[in-house]
Each structure stands twice: as structure tokens, then as C-alpha cells.
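Reading through the C-alpha cells given below for one structure.
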Amino acid sequence: MSQDTKVKTTESSPPAPSKARKLLPVLDPSGDYYYWWLNTMVFPVMYNLIILVCRACFPDLQHGYLVAWLVLDYTSDLLYLLDMVVRFHTGFLEQGILVVDKGRISSRYVRTWSFFLDLASLMPTDVVYVRLGPHTPTLRLNRFLRAPRLFEAFDRTETRTAYPNAFRIAKLMLYIFVVIHWNSCLYFALSRYLGFGRDAWVYPDPAQPGFERLRRQYLYSFYFSTLILTTVGDTPPPAREEEYLFMVGDFLLAVMGFATIMGSMSSVIYNMNTADAAFYPDHALVKKYMKLQHVNRKLERRVIDWYQHLQINKKMTNEVAILQHLPERLRAEVAVSVHLSTLSRVQIFQNCEASLLEELVLKLQPQTYSPGEYVCRKGDIGQEMYIIREGQLAVVADDGITQYAVLGAGLYFGEISIINIKGNMSGNRRTANIKSLGYSDLFCLSKEDLREVLSEYPQAQTIMEEKGREILLKMNKLDVNAEAAEIALQEATESRLRGLDQQLDDLQTKFARLLAELESSALKIAYRIERLEWQTREWPMPEDLAEADDEGEPEEGTSKDEEGRASQEGPPGPE
């Protein structure tokens, strides 16, 4: 009995996770670990693409460092093998959800071309060393099949880097170097096949002083290949068929390479210009407009300086257009991370709901003011409030010179004018002149945007009005009597509105009752009309009466029976 109980307990307990499952978790293809592993795979792939072909074409390089090459070869093979293990533990997206089932991941991977290429790149071709010797690195050319991992790593880096255009240029230069490197190796191998020093085109005889060194051999071949592929010329003419074929192939490669380089560089420059146009407004159109309208030189200079300040200091005025392609929630998170700290410093917005602040940051409009420019003047109607992000603003007198105070970064003004506070003695008018001392970056929040957001947060609106009232009390800008009068007027208006609503409800009820009575009367009238029509159809026509008189009276019993049946049937009722 105890044994059975023990067996059942063992079967019902869940299996313990294996160590392999803990050590090899499923990687997210868009995560950091997978990204850094791709960057690690760049080294063995680049090693094989650059060093392997060089060892195959330069025997001195292969023979001089054989032990080092064998160590590096099998280290790269180990990384190739680990890369396949990583591929078996890299999830994939299915309907937007990351699949972490290792069985499904493995079955999906083995059905792709990547699996066969990875497997072919690890074929143990080195076993032929037993027959041909270790100085035949061409047996390892199948390692080139892992090159797609290099391209994938470059694509991921281009997406993540903060300087994508610079990375594209660096990647293009790397491709150019690899092509010239391969071509120089093939040139040296062809020269050795044809015979060193046989003519002016091939590599000189290594027996000559200075040409026997490995460094000289590679640099000469690289220089010769650069001259050919850049179509600079100044190279000895070919003398044999093999040399002609090599030159023709290089010229065709140079034409395609030149077109590729020009296209890539044009694309990079165009993308840079497009990005600048998206971030900063186009000043050429404004300059042309000012010239056509004969704007005075001083004002034109101020406009040009404003545009120059934006571009030099990387200021942006159209953040909404830049982030318009992001989903709404993601755009809100970006705006919150950038502007929430600034908005939370405003006194009337403190202790407000986080969701309210997230809605407000989407409404902030960045503005840049140049030196001496007025942000607002006394007596202007206040339709927005301002938050100082960077720079200094002065509260000046009407003469524009006398300064009463200086506002710095993090301060704000105009917040009272966008909140309808009862008893506000200044109303929605500006009470001071605000002028920018230098270039100032501000955030603008309009009354309409605030009203739109607060319509969904009535409690927050009440809290903000209370805070604004406290601020006005401290500033002695609140008329308590006027506030009480406005409150009484509002209550009276609301009472009248409630009365009108009640009267409207009563009228609607009476109208519905009258409409029902009208429909009932119409139904009764229709029934009576239908009954009259039925009765008129039963009456005999005058011609029928005359014929009946000529033929004689009908039998008395029959006539009475028919009249009785007609009176009993009656007219048909309404359907």
C-alpha cells in the first residue's frame, strides 16, 4: 500500500526543469542578447572572408603562421557551431506573439534554407588535410556560406545606431575594401600561375631585392588592384589571354562598383537632406517670399538668424509631424519621457492624474523666440500658457527697457488666463509684457487643447480651478464679491436650465400623448371609411332596381333570408 502511494506521488509531481533548459533560454530575435551575439558572429565571418582567401593566395602567409591559423580556424568553427545552437533557441513571431516552444522553433529552423547553409558551412572538409596536407586552406571555402549572418548583423546595427548614415558609409567602405582585397589576392595568385616577372603586367620576380617580402607582395597587389578597379589607369598593358580576361572582368566589376557606390552615396546624401527637411523648416521659400514682398533688411536678417539658430543648435519646431507615424500610445510614451518633467513643474498641474498629464504632453507645442521678440504684451487676450524650457525672458515695462523680473528655465506664465476662474480681476487679458532676452525655447499649451483634455477629467478641472483661485488670492487678483455674484448667476442659470429641461420633458410627454391619440383617431376613421365603402358596394345600382321591377318582386322568404344574412355578416373589420 505504501509503495502504491509512493508511486502515485512520484507520477503526479511535475518534472524538474533540466539544466540545459535553464542554461539555454529562448532568445528574442529583437532583444539585446541576440543582437550582441550577431555582433560576435561578425568576427569569425570576417576572419574567413578576409584571411582565408589571403592564405590561399599567399603561400608565405600560410606557411609562416600555420599554428596560429589552425587555432583561429577551429575557434571560428566552434563559434559557427554555437551559432547553430543559438538558432535552435531563437524564437519567432507568430501573429505578433513570440513563440518560445523549442520544438516548434527547431522544426521551423530545419525547414529553412538557413539551416542547410549553416550545415554546409560546417562540413568537416578539413579531413582532407590528411591526404593533401594542412597547407590547403581552400578546403575551408565553404565557411563563406555563413556570410548572411554578417549582413543580418549590419542591418540590425544600422537600425539601432544613432548615426545610420555614417554607418552606411562605413559599411560601403568595408565592402569596397573586401572587393579590392579579394581582387589583389586573385592577382597575386594569377601572377604566380603565369610566372613572376614574365612580363610587365604580372608581379615582379621575388628574386629581385625588396619583392620577396610578404608585406611588399600584398601591398603591391593591393595597389595594382586599386588602380584597376578605380579605372585610374597607369597600369602595364596585359600581354596574355589570361591577363586580358582578368582586366576585362575587373573593368566590368569597376563599372558596376562605381554605379553601386554612386547610388549608395546619393541615397545617403538624399536621406540626410530629407531628414534635415523633416526636422527643420525650409528657409529658402521664406527668403524668396521676403524678397518678392520687399521686406526690410532688418526684419529679413532677424528671420534668417532665427532659421540659422534652429539648424546650428538642432532645435525642432514640428515634433508632432516627426512622430506622426508612431502608434498613439507609443507617441504618448515618447512625449512623456521628453516633456513630462517640464510639465510637472507647473504649479497648477501638480498632483494631477498621471493620465491627464500624459494627455497634456501630447498638446505641447515647442516654440523658439529670437532676442528682443515679445512673447506677449499687456492687454493681449490670453489664449495659451507658456513653459520656459531654455533661455531667459524679461518682464518689462511699456517702454520695453525697464525690467521688473527675469524668468528662467523651468518657470511658466499665462496659466491663469487659460482657466476660467470666477472673480479673476484681470479676466483673460495679459497683465505684463514678456520679452525674450536671447534665444528662448518655450512650450505652448492653448486654451482649446486644455479644455479638450479637461472635458474628460472633470475632477481634475475642479482641482485646477481651486489651485488657480489660491494663486489669485495670493496675488490679490481675485474679487470675492464678483466671484460670489458669478457663482450666484451660474446657479440661477443652472436652475433655469433645469426648469427648461423639465418643461421640455413635459412638452415631449404631451406631444407623445397627442401623437398617440391622433394615430388612434386616424385608425378609427380609416375603419369607418372602410365600412362605408363595403356598405356602398352592397347597395343595388338604379339600373338593377329598374330590371328588378320589370322582372317582379322576388320571393318573400328568399329576400328576407338574404337580408338577414347580410345583416348578420356585417362589414369586414380592419386588418
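Glycine is no exception: its Cβ is also placed from the backbone N, Cα and C atoms.
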- So, V26 and R111, same side of the membrane or not, per Swiss-Prot? yes
- Which of these ranges is annotated motif 'IQ-type' in Swiss-Prot: 292-302, 424-434, 490-500? 292-302
- Sequence-distant residues near the transmembrane segment (141-159) by C-beta distance (under 8 Å, 6 or more away from its ends) are 35, 38-39, 41-42, 44-46, 48-49, 52, 56, 76-77, 80, 83, 114, 117-118, 120-121, 123, 125, 167-168, 171
- Measuring CB to CB from T431 (3',5'-cyclic GMP binding site), give everything in the same chain under 8 Å that is also at least six residues away in sequence. K378
- Over the topological domain 'Cytoplasmic' (160-166), what is the model's average pLDDT? 84
- Take the topological domain 'Cytoplasmic' (160-166) and count its residues per DSSP category (helix H/G/I, strand E/B, coil), listing them in that order. 4 helix, 0 strand, 3 coil
- Query: Within 10 angstroms of the C-beta of R430 (3',5'-cyclic GMP binding site), what count of other C-beta atoms is obtained when all protein chains are considered?
  - Reply: 18
- Is the transmembrane segment (39-60) packed against any residues at least 6 beyond its ends, judged by a Cβ distance under 8 Å, and which are they? 69, 72, 75-76, 79-80, 83, 135, 137-138, 140-141, 143-144, 146-147, 149-150, 153, 157, 178, 181-182, 185-186, 188-189, 214, 217-218
